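Report on the following structure.
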Amino acid sequence: MNIVKNRNIFFTLSILFIVVGIFMAAFKGLNYGIDFTGGTLIQIDLEKKVPTEDIRKITNEFDKNASIIHAGENKNQVIIKSSLNLNDKQTKEIFNKFKEKYNLKATEADKAESLGSAIGSEIQRNALIAVIAASIGILLYVTFRFEFKFGLSAVISLIHDALFMFSFYSIFRLQIDSTFIAAILTIIGYSINDTIVIFDRIRENSKNTKKENYEELINNSIKQTLRRTMATSFTTLISIMLLYIIGVEAIKGFALPLVVGIIIGTYSSIFIASPIWYILKTRTNSNKNLKQA
Amino acid sequence: MKKRNMVIFILIIAIVGSISFGAINGVKLGKYKIPPIKQKIQLGLDLAGGVYVVLEAQTKDTGKELEKKMEQTKAIITQRVDSLGVAEPNIVIEGKKRIRVELAGIKNSQEAIDLIGKTAQLQFVDPQGKIVVTGKNVKESDVGFQQSATGKEEPVVSLRFDKEGAKKFEEATKALSQKTDPKEKAIFIVVDDKVISSPIVQQPISDGKAVIQGSFDVKSATELANLIRAGALPVELKQVQTSVIGPTLGLESLDKSILAGAIGLLITFLFMIVMYRVPGFIADICLTIYILLTLSIMIGLDVKLTLPGIAGLILSIGMAVDANILIFERIKEELKSGKSLRMAVDSGFKRALTSVIDSNITTLIAGTVLYYLGTGPIKGFGVTLIIGLCTSMITAVFVTKFLLKLTVNTRLSKNTKLFGA
């Protein structure tokens, strides 16, 4: 497969996906978790599965728009999310209503969380700072160990990963909470790891070949590292997927973006990062040739 | 030579095997007992259950002044939390204006939240309503005993003012003692806007000591003394986030995550043996050592395991596997190019090393950013990722190399097919 030659296909696919994601976000908005909007989350073990309508009868008393999610083994638990900022006394009251109606043994909710909306904007800002800081750090390191063009390609592909992830959340309307940010940063970590291994091979191969045929150089390097890329992605994916399948609700929200991210990270290091380096490399070289002529 | 290497190799397998068995099940050797790792590792709030509150300072201060006030606030909250008797509370300043208080194992969230936010504001007020001295000027506050009017010994809170407070108190009591109307001679001791007692001042008090009488029992007197000693918070705090996590939820998540991790590891182990035969088996030993090391470091550094931390751990296991895969793929290539096994292991290892180091360091940069800029669970994720990456580099570079060299010198090396060639 000639990856460099077909680079425009991959670029187009990625850009299309990202543009759709951004449009969706602009027009339909994002599905923000209460970490971002502020609000209250109550998780209660009802000891049996209770239909949503019955739960609504209680929750409607305080918030008609509360979202209700079943969780836990046999879906015995219920997670109630409201954009209202309820205080401790109010959440206790709500819990007591459930306790009375369903004769619960527990004396307190499994989880009760309340957040101010001020935190959301701060999380967003911090996340952006974190991505920028990580990118600069990586750019510096790669420039130091390799060359600036490798660093730049790596960072562009990282931004691609972050945007792709954002679009994924936007298109599939997944909830954006603070673990989403951790996930994006993790993907960046994983993706860069993958990218560097391929770059390392390109660097090594370019020492051994005198002819500067970059297309062949990149294609060969990717081919040589492909088995490793696949093996690593497979073992990491298996573990994270199991966490998603077996794990509890709280960790599922974290495992899913990791699964998606590992796939994107693997994709981008092969189909995005290296072709970008190809463009950077050949463009400046042809400029040089022009000057010489 | 060959025999000796084989013996060492088998010995290492036996040692690693028994240590991991011990780590999983715990060891009992006569008097000595080592509990299983699962019990030793500290659990974060999301796993152990408990309460956390994020408080925000309501102040316009910035820079050094704000920093100082936040540090003071943290110290005071720590004192208050200590009086709750929570094992290892976690109190951190988040960002510039926020304080996160994590209390693992607390069941009554309301009590904890009340206590953290509570400011025992002590005031001595004269009959005109002028505040004479406040809790700010209290140097010491303790429980004492005093004979009451009925002759019974009853608990009181005894106070000692600092220099400034003593002077103010002396001036005020001097003025009050000169009044003739008993109504005008009283000084009101107010705690949190409630008048606790209003003794009549007979003579000026110059030694800077005062006693708060009220109908206290020993417990309530101790509580008040503690609250006054802890002092007033330098800034007003507002709750911006509270969370109560039931312990059953936590334990369930831990068990499930361990199960997921164990199955994932098993598949990874099998995959490595199928893909790389002898080196794959070596990688499995190396991974086992890696996991034992990482968990030990986490216990040693008191890193609390959180749900995202588990994800970080699994991801770093992925990176540890990756380091081995990189090395073995290289060795395979070298073997295919016709080199002898010994040569192939040497040069393959050397060539893989730059990839391993460069790729891990770049990930480390991302992990470090997460640690420094993240809060709460994200920070926990960063820590486990950093620890995991460092250990994985060390085990891949040293342990894998050592074991590979050992096997190269044994009979196993006769058949390069066993090395995946």
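These residue numbers are counts, starting from 1, taken along the chain as shown.
Cβ atoms are placed via backbone N, Cα and C, with glycine included.
For A:106-282, the entry in TrEMBL reads domain 'Protein export membrane protein SecD/SecF C-terminal'.
Here TrEMBL flags A:9-27 (among others) as transmembrane segment.
Nonlocal intrachain contacts for the transmembrane segment (A:127-144), taken as residues 6+ away from its ends with a CB within less than 8 angstroms of a stretch CB, comprise 150-152, 154-155, 158-159, 162, 181, 184-185, 188, 192, 196, 199. Residues or ranges marked as transmembrane segment by TrEMBL: A:127-144 (among others).
Summarising the annotation, TrEMBL assigns transmembrane segment to A:151-172 (among others).
Per TrEMBL, the feature transmembrane segment maps to A:178-199 (among others).
Feature annotation from TrEMBL assigns transmembrane segment to A:230-248 (among others). For the transmembrane segment (A:230-248), the residues of the chain that approach it from at least six positions outside its boundaries are 71-72, 190, 194, 255-256, 258-259, 262-263, 266, judged by C-beta separation under 8 angstroms.
A Cβ distance under 8 Å defines the sequence-distant neighbours of the transmembrane segment (A:254-280), meaning residues of its chain 6+ beyond its ends; these are 3-4, 7, 10-11, 14, 149-150, 152-154, 156-157, 160-161, 164-165, 168-169, 174, 179-180, 182-184, 186-187, 190-191, 194-195, 197-199, 202, 214-215, 218, 221-222, 226, 229, 233, 236-237, 240-241, 243-244, 247. Marked as transmembrane segment by TrEMBL: A:254-280 (among others).
Long-range Cβ contacts of the transmembrane segment (A:178-199) within its own chain (Cβ-Cβ under 8 Å, at least 6 residues beyond either end) map to 33, 35, 123, 126-127, 130-131, 134-135, 138, 142, 146, 150, 153-154, 157-158, 161-162, 165-166, 169, 221-222, 225, 228-229, 232-233, 236, 253-254, 257-258, 261-262, 264-266, 268-270, 273-274, 277. Sequence-distant neighbours of the transmembrane segment (A:9-27) (same chain, 6+ residues past either end, Cβ-Cβ under 8 Å): 3, 160, 163-164, 166-171, 268, 271-272, 275.
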